[in-house]
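According to Swiss-Prot:
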- 405-427: compositional bias 'Low complexity' (COMPBIAS)
- 438-450: compositional bias 'Basic and acidic residues' (COMPBIAS)
- 455-469: compositional bias 'Basic residues' (COMPBIAS)
- 470-479: compositional bias 'Basic and acidic residues' (COMPBIAS)
- 487-512: compositional bias 'Basic and acidic residues' (COMPBIAS)
- 81-183: region 'Cyclin-like 1' (REGION)
- 196-280: region 'Cyclin-like 2' (REGION)
- 310-518: region 'Disordered' (REGION)
Amino acid sequence: MAAAAAGAAGLMAPASAACSSGSAGAAPGSQGVLIGDRLYSGVLITLENCLLPDDKLRFTPSMSSGLDVDTETGLRVVGCELIQAAGILLRLPQVAMATGQVLFQRFFYTKSFVKHSMEHVSMACVHLASKIEEAPRRIRDVINVFHRLRHLREKKKPVPLVLDQEYVNLKNQIIKAERRVLKELGFCVHVKHPHKIIVMYLQVLECERNQHLVQTAWNYMNDSLRTDVFVRFQPESIACACIYLAARTLEIPLPNRPHWFLLFGATEEEIQEICFKILQLYTRKKVDLTHLESEVEKRKHAIEEAKARAKGLLPGTAPGLDSAAGFSPAPKLESPKEGKGGKPSPPSGKSAKRKMEGPKKAQGHSPVNGLLKGQESRSQSRSREQSYSRSPSRSASPKRRKSDSGSTSGGSKSQSRSRSRSDSPPRQVHRGAPYKGSEVRGSRKSKDCKYLTQKPHKSRSRSSSRSRSRSRERTDNSGKYKKKSHYYRDQRRERSRSYERTGHRYERDHPGHSRHRR
């Protein structure tokens, strides 16, 4: 039977790895199928190329996972015995049980016992073989049978399986294992059994009436399913070896000049090797499944530890990178601004709030801002430091800078006033009475107490005409303020520029409204 599948040019399908090459070499047509001017990948599936080459038989995937030969052979024997016992309880025909065991042997020559559960694959092979041989069984029955076999093997009282979440998970695992078997075998699940061949050969030898000989040869053939002879030799050679072994056991003479099996295409070397493999089963000790499962678990843990050690997850092992710096960037010693110009970096939100609250509390509790000269200089230096650390959005607008520079109060005064203006919080505008020195002095304390409770001003932007009028007012009143005492001048410097300017402006423009009515 040949099948061609479309795919990449010149590539072999990976699913044919389990049955791609046999003793006769590569099958013709496996290099591809030429359709028109394109070459499509081809898979030639025959009963001859289902045999495994010697290199796969000598070094199996289980050996690469760390299992020794005896442990792997014991697992193969136990798995085939489970399939045979489950088939008997499920009342499957012998052909279906033989198909399940052959599929089991083929699968574990492509996969490891360490990575795949032997019991789950056995259940999947029984369920798959029952459908292949047209004697299907429900997967629930297969699970119940294997559950009973496990309790009998452990010498426990059989208990019905509870239909809980564990049962659902087991059912899903068996379905996945069945799909995995089909994928690894390339859906080449047809098995040619030697049962009918034995009867046909005995008819040729005129020994079909000897029921004892027929039954003994049949028994040897069923026992040979636990070995690897079905993946190494043709069914005709296996049938001849079973007849030869049964005749030698029952001491029934058969033609030997020439040997009778040469008529059916078998060789003497193949007959001897098959007989040796079958007789080895009867000399082996009874397999302890618990010991085999413990060996498999040890190999699993060893592989997991090796993987974790390679990734650096275990304590005392170094990760793939030398240090944690490979996962996160190293901390910077200084900010970019400090490295470039030596200027301090802008403070964080909490530190900026603390710096703002300090001057506010001092101004709110001091009567008429009557601070000493040392305290005045400290507050001025603090306001300057805060104005330097402010972001550009909090500084004065260009128009206000222009008006400050145009004033006659001097460059140093305007510079200090602009800095203190940027640091002062916004105020709500109130309309007051015309300016009177005595009233301002008397009500200054009440104004400072109300300062913290006032709502912020909605907008800081003012028109250029207002700034020009303010500058004119400052120049007109400069002479008037100079006549006052130095004590009042120091107080005026300490107060924020915006507060005094807004008070003068609205008190002069709107004489009918006063902030403190009497």
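Every residue gets a Cβ built from N, Cα and C, even glycine.
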Local confidence of the prediction over the region 'Cyclin-like 2' (196-280), expressed as mean pLDDT: 91
Tally of DSSP helical, extended and coil residues in the region 'Cyclin-like 2' (196-280): 62 helix, 2 strand, 21 coil
Tally of residues which DSSP labels helix, strand or coil - the region 'Cyclin-like 1' (81-183): 72 helix, 0 strand, 31 coil
